[in-house]
Structure formats: C-alpha cells, structure tokens
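Taken from Swiss-Prot, the feature pyridoxal 5'-phosphate binding site applies to G118, A119, F151, D242, E243, V244, Q245, T299, supported by sequence analysis. Per Swiss-Prot, the feature N(2)-acetyl-L-ornithine binding site maps to R154, S298; the stated evidence is sequence analysis. If you look up Swiss-Prot, you'll see K271 marked as N6-(pyridoxal phosphate)lysine.
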Amino acid sequence: MVDAADSKSAGHWSWGFKSPGSHPEAVMNTYNRFPLTLVRGRGCWVWDDQGRRHLDAVAGIATDTLGHSDRALRRSLGRQLRRLQHVSNLYRIPEQDALATWLVQHSCADSVFFCNSGAEANEAAIKLARKHGHLKRGIDRPRILTASASFHGRTLAAVSATGQPRYHQGFEPMVEGFDYFPYNDIHAFESLLERHEANGPAVAAVLLEPLQGEGGVHPGDAGFFQRLRHLCSERNILLILDEVQVGMGRSGRLWGYEQLGIEPDAFTLAKGLGGGHAIGALLVNAKADVFEPGDHASTFGGNPFACTAGLTVAQEIQRRGLLRNVEERGQQLQQGIQGLVARYPQLLQGVRGWGLLQGLVLHQDCGVTAPQLAKAAIEQRLLLVAAGATVLRMVPPLVISANEVRQLLRRLDATLAELV
C-alpha cells in the first residue's frame, strides 16, 4: 500500500543527487545499511534519491524531535551561524548558559556538563561516579552496577557498562568495575549489592535506563525503581539514569524518571536534545556534583550552535504542547498495534513502550526477524528500526499527527500481510 504522493517529487529538488567523485566504499564498513539513499526530509517524511516519499518512524533513531527541516530550527540555527558558530569553553558562552538554565529549571538537576553524544555523556557519568566513590564513600576501586540487556554507548567504558556480551566480543579486555543484574529485578539487585558490600563500601553508582530501548523496549517498573532509589540513598550510592533515548519528551513526560516516580542524582541526555544536531549532556544534582576544573572537558561540547539547537527544541516542545501530542499519539499507536497483534497472532506477540517509543514484539519462532520486517516495510515506504532480533521499534518525530499514525499503521499492516 503506497500513496500516490509517495512517488511524487516536491519542489525543485534534484532527485538524481550524487556527490561528485563519491565512492561509497570510502566509508568504513561499520553499519548494516538498508538499500536506500535518503536525500531530503520535511516533518515526518523523507525522500530517497529516486523521488519516493517514505514515512519516517526512525527519526534518526529517536533523534529528530521536531521532524525534518523544522522551520524553527532552520531560523534559529541560521541566525546562530551568522553570529557565532564555535568558541572554546575557556570562555563564557551565552547560548550554553541559556540551555543549561532551561534544563535545570525543568528537571531535578542543579548543573549541566555538555558534550556531543550519548556515549560521551555516559562516559562523563562514569567518571563522575568513580570520583564520587573515591571522595564520598572512600572506595579504592569503585564498582558500578548496570542491567543485563542495557545499552549505554559504543565507546570503551560505555560499552563495558552495556550488559550485552555481543557488544563486548572482539574488544576485550573491557573496562573493569562493572557488574550486571536482571533489569527490574529488585531481589537480584539487592543480592548483588550485598555481595559487593559485605566487607564495606564498594559500589559507587547504579547506571540504568528508565526504559531499555536498544535492549528490546522494556519499560522500567516503578516499584523497582522506587525501592532502588531508597537503597541508593541509604548508602550514598549515586543513582544515574541514561535518558539518552527517552529524555526530552519521548515518553510523554519530559523525563523518563517522571514515569517512575523518582528523582535520580544524575542523568544523561543526547539524541532528542538537539533535534538532529550533535549534543549530549550530563545533568547532576548538588550532591553528585563532584567535578572540579580540569576533571573533565570537551572541545565541541556546549558550543553556541549545538546549544541553540537544544534550546530551540526545548522551547518548541513547550510552545507546541508536544508532550500532550506524544501521549495522545502514543496511545493511538499502541492501540493500533494491539489491533495488528490480534490480526496476525502467528507473527506478533504484543506491544510495549511509553509514548512515541513503542516496540512490536515478534514470536521467536515466527520465521521473521525484526530486521527482516524493517527491511520489508521499506517496500511500503515505511521506515522502522529493530531493537534486537524480535522487537521492531517505532520512534517517529514527536510532531507526528493522528493521520500520520494511521498511515504508519496501514503501511505496517500491508507489510505484515505480505509476510503471512
């Protein structure tokens, strides 16, 4: 099922775009790419180099908060480029101050460190946790507890924190000091904590996602997180949340921790913060703020351009009432997927998620994997992304309309019908 509009070009764009002298093999082979070249976007839609229009439920993997080529971002970033693009953090940066102020005014944090990505934000959090362990708990070799099936990034400490052995293979030895327990399992956590601390303080921090995205779209359990918060507070262990994927409104709340009824000591952001532009952040409360000048730094982090993008996204979320849209469209999407689960019980097991981060769960023995389903959906001009072998993730821009959700569901229905 492909709309006629999907085959029409728009405006005066040259659909035969090709970079002069370009050689795809010049790009290092680190991605399993789909056979699709995207050259233009507007809102929730992207066009390929053949002029075909696709509904984008990937959004740069939960990154294009306001959709593609957003007017507010175009205007603010155009002005910023004409004024000042980058200066060193050796000097005060007004745009950085403005974004940090907005973030602390709208969260439980008291201060912000800016960087360029989620992995960098988590690396900063890991350094913060270790220093806290040394200074506040007197630990010589601090440990950090994270969850099985978690995902915290590809840099070495971040991937060591990631509780998925497949990401470790070939890159050993991992950074020491990380231990894993089953997500949402408070008894397993308490057992691991007691084992480590039987002879005194040993754990500096717990690092968790409020909702595990890459690991299969598993929402956090509020009861688990509330008990965890209590245990961490009792021992002065930092509770750090990786909000890289759910932060900035994707869950239907501004922050994922609001879904859980807790406040962390620190949390990390990236992805949706810049609306498609590279920015990451570590946000901390006063208790956790142990960094001093020279402890950590970033050349590009907090530059005027990136912070203008972040502040524009934040202000547009407020101005357009996007949290309400996420909640309403998320309910519409989840209910629609439930209907598809009932229609294709031989393929589909269920759906789980928050807001506009929904995971369609396939039966393990259905003969189709999530990556295969994502590839098949391209034929219906629908872009989706897998979260493991059996979960198909839908993370469209937060501006998606009710009609676009209906189109997403129709295209997904048509894809499934072809596979039965």
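Positions of Cβ are set from backbone N, Cα and C atoms, glycine also.
Under DSSP, G118 (pyridoxal 5'-phosphate binding site) is assigned to a helix (H, G or I) in the three-state scheme. If you compare every pair of Cα atoms in G118, A119, F151, D242, E243, V244, Q245, T299, the residues listed for pyridoxal 5'-phosphate, the longest distance is 25 angstrom. Of all the recorded positions in the list R154, K271, S298, the shortest Cα-Cα distance to Q245 (pyridoxal 5'-phosphate binding site) is found for K271.
The shortest Cα-Cα distance from G118 (pyridoxal 5'-phosphate binding site) to any of the recorded positions (R154, K271, S298) is found for K271. Closest to K271 (N6-(pyridoxal phosphate)lysine) by Cα-Cα distance, out of the binding-site residues R154, V244, S298, T299, is V244. Candidate binding-site residues: A119, D242, E243, V244. Nearest to R154 (N(2)-acetyl-L-ornithine binding site) by Cα distance: A119.
Less than 8 angstroms from the CB of A119 (pyridoxal 5'-phosphate binding site) sit H152, G153, R154, T155, A158, G280, each of them six or more residues away in the same chain. Listed binding-site residues: D242, E243; maximum Cβ neighbour count within 10 Å falls on D242. With the fewest other C-beta atoms within 10 Å around its C-beta, R154 stands out among the recorded positions R154, K271.
Every protein chain considered, the tally of other Cβ atoms within 10 Å of the Cβ of G118 (pyridoxal 5'-phosphate binding site) stands at 27. With a 10 A radius on its CB, S298 (N(2)-acetyl-L-ornithine binding site) counts 15 other CB atoms from all the protein chains. Taking the Cβ of F151 (pyridoxal 5'-phosphate binding site) as reference, residues of its chain lying under 8 Å away and at least six apart in sequence are, in sequence order, T162, Q164, Y167, E209, Q212, G213, E214, G215.
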